[in-house]
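Written below as structure tokens is the structure these notes are about.
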Amino acid sequence: MSKVETLTFGSIVGLFTLRGGYLIAYSWLFGMSLWVTFIGVIAFKALPRQQFGALQHRTFPIYFALSISLSSLLLGLWTKGHPSVLEHLKNPQVADVTQAYALAAVILSQAANQFIVGPLTSKTMFQRHKLEKAEGKSYNESGVSAEMKAVNAKFAKLHGISSLANLTSFIALAFHGLWIGNKGLGNL
């Protein structure tokens, strides 16, 4: 029979550890990534296209900034708790190094979205909105101008790059979550 544990004020305070903080930060980051990557489609279906674009334009910078911050925190804590990462940094076969690479992939993909792809995508989206208003046609109607077709192609390319970067981040986080779920946090 297992021992029954009684909660006390001291045992509750004892929950606030580096390991507990790591798991909270990871959970927050993974949940946010899951929501934006897969559940955010609900907003696309529920809102008129231009309102959806305006919503994404406002929320994505916050999402990317939080993703970069949380994954940087996790990478720092992971490296601190796993000294072998620095010793074997160039050897991805070392499991702790692979986990650091996964977290670095999140930082890099979300930074690309925050600082390069996201601003270019927003600029292109607003350019398309302006053209739609000037031409009196939706971007996907027949007979749109050559300029509109070029803007559409640019937007599709940027949106695809952004989606791929975000999916990369999600996959890296899922891999890290599976690792810590099965192998634990090590010496953290």
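Cβ atoms here come from the backbone N, Cα and C positions, even for glycine.
Going by TrEMBL, these are the annotated features:
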DOMAIN    25-130  domain 'TMEM205-like'
TRANSMEM  25-48  transmembrane segment
TRANSMEM  60-79  transmembrane segment
TRANSMEM  99-120  transmembrane segment
TRANSMEM  158-180  transmembrane segment
Completion exercise
Note: vs the transmembrane segment (99-120), the recorded stretch with the largest number of Cβ pairs under 8 Å from 25-48, 60-79, 158-180 is 158-180
Problem - Remote residues contacting the transmembrane segment (158-180) - C-beta distance under 8 A, at least 6 residues beyond either end - result: 23, 26, 29-30, 33-34, 36-37, 67, 71, 74, 95, 99, 102-103, 105-106, 109-110, 112-113, 117-118, 120-121, 124
Practice task
Count up the helix, strand and coil residues in the domain 'TMEM205-like' (25-130) according to DSSP, in that order.
Solution key: 94 helix, 0 strand, 12 coil
Practice task
Please give the average pLDDT for the domain 'TMEM205-like' (25-130) in this predicted model.
Solution key: 96
